[in-house]
Amino acid sequence: MTTVTAPPAARPAAPTTTPKARRRSPMAWIREHTLLAVTVVIFVFMLLPNAVILWMSFNRPVGKFDYVWHQFSLDAWLNPCANNEMCHSIGLSLQIGVVATIVATILGTMIAFAMVRYRFKARSGVNALLFLPMAAPEVVMGATLAALFFNTIGPGGLGFWTITIAHVMFCVSYVVVTVKSRLAGMDPTLERAAQDLYATPAQTFRHVTLPLVAPGIAAAALLAFALSVDDYIITVFTAGNLETFPMYIWGSVQRAYPAQIDVIGSLMLLGTMAVIALSQIVGRARTARR
Amino acid sequence: MTAVAPTSAAEKPVEPPPAQRKLRRNLTPWVLLLPGLLWLVVFFLVPILTSVSASVQQGDYDDGFKLTWHWANYADAITKYGTQYLHSGIYSVLCTVLCLALGYPVAYFIAFKGGRWKSLLMALVIVPSFTSFLIRTIAWKTILADNSPLVRTLSDLHVLKITTALGWTVGDHVLASPAAVVCGMVYNFLPFTILPLYTSLEKIDPRLHEAGHDLYCNTFTTWRRITLPLSMPGVIGGTLLTFIPAVGDYINAQLLGNPNTGVVGQKIEDLFLRNTQGYPVGSAISVVMMVGTLILVMSYIRKAGTEDLI
């Protein structure tokens, strides 16, 4: 009885299934899930260090170096600035990051507009000049900039402004690429419509173009800021006696590696995740309102 | 007469004559381009020229450096640091190949099987990069420490004996070995490979896969004949974006390596920052390195045939 009632559901489907599906064997199952398994393993590889950083931020290390787990403690989280030097270097990195981001975003956005909206000679030359800073090894850019600064202002002149100049230099190309892709994907008819409605070029730019490109500019600024704050190699060549946060971390590998560094590392991750979650929520709310 | 002239002058800016308008149209892009390009010329191109000149100078910090066309700096730069060039070359090529091997399946999975999780998975690829790369690289010191579960497992499985025999690891340690350096490099540069790969894979119409299957291709043949050729721009972009920074990288060699894993970048930094006479030879090495990288990249691009990189 039961054998009669069960098949009808399966029978009509049988002729349409492909030959492959009929030969479902354990091998096929493995083959189908290999890609998934490989992907999961690689994701673990990519995310493991962040998990370790979070874990080690709650550690009370035995010696000077927070490399091996010893004991749970909230010390580092309760006194993130126990080491004054570290917080000072973070402040410096943030200052440089903000100034470099503002300058690089303005310069890069202007270039992006010129590249997408205008025809001009020497376009390929400009392209090459923009591509080269992304293609040159960082250590070469750092060393050559150091050579320039040594020759012009001398080793004593290195400091805040030389670091900032260097950061703007390597951020501009990335800003151009990011803003350019946003501009190129924009519908040109929207601007024409504004002009048909008697908007002046300035009004069109302010009320139509800028709001449309703004996400691209924001993304570019975020990228520039991340690149600037995280840069070590070029910075070390242009910093003189100053110590940015990456330089502080580098030095701590030789001196002492406090758990506080892992606290900052965790905060960076949690902060980024919060920003992404917030932008998702805002974006969803905005689409819902429409 | 005088009353007429001002009005015509006042009207002029509103409707400029064609010649003036054309001039303005030709000038506007340059006004937009100039500040940024000037910055790049002064702080990128000029430094390279300065360091070419610095590379044939002699002297030290106290007495200053003089241009003496001392070409022997190049002889030093090339002959004295052979092992470092070799290490940089091996590590960066190995890193690029491994990144491609690991990055391709991930990009493929996200692009074709990601479904509605696509953007979340891509975020997972990028989000770690927002934590300082130095802190993340140092975290590998914990993961690869002698007593860590991973290393103990590898040791118990006698894997370390094989890798030590091959010279990848040193004794019972994974840390402070070539294997750790390459592991750190692959970890650091993997997102740079995945991003361009994903971008080009994502553009491929999945119906092409169905077409391949309809024509009796198995999954592998479909990949080899359809997906791979279409994803070549991503492969080229990804390998370049990985290889170029990997050649110059010395962070991983310094943090995860030992004195025998020295790379070119470490030497350049040493010569510039910790050697009072090293600056000309340091410049010579960076010139050699940049020319070498450019030749490699250009020949690769020519062979692979992708012009629009940006």
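From the backbone N, Cα and C atoms, a Cβ is placed for every residue, glycine too.
TrEMBL does not curate its annotations; it predicts them automatically.
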Among ranges B:1-20, B:261-280, whichever one TrEMBL labels region 'Disordered': B:1-20
Residues of the parent chain within Cβ reach of the transmembrane segment (B:230-248), under 8 Å, 6 or more residues beyond its termini: 88-89, 91-93, 95-96, 99-100, 103-104, 107, 185, 189, 192-201, 203-204, 208, 264-265, 289, 293, 296-297, 300-301, 304, 306, 309
Cβ-Cβ under 8 Å with the transmembrane segment (B:281-301): same-chain residues at least 6 beyond its ends: 48, 51-52, 54-57, 73-74, 76-78, 81, 236, 239-240, 243-244, 247-248, 264, 267-268, 270-272, 275, 307, 309
Cβ contacts under 8 Å made by the transmembrane segment (B:90-112) with residues that lie 6+ beyond its boundaries: 118, 121-122, 125, 178, 181-182, 185-186, 189-190, 192-194, 197-198, 201-202, 204, 206, 209, 227, 234-235, 238-239, 242-243, 246-247, 249, 252-253, 261, 263
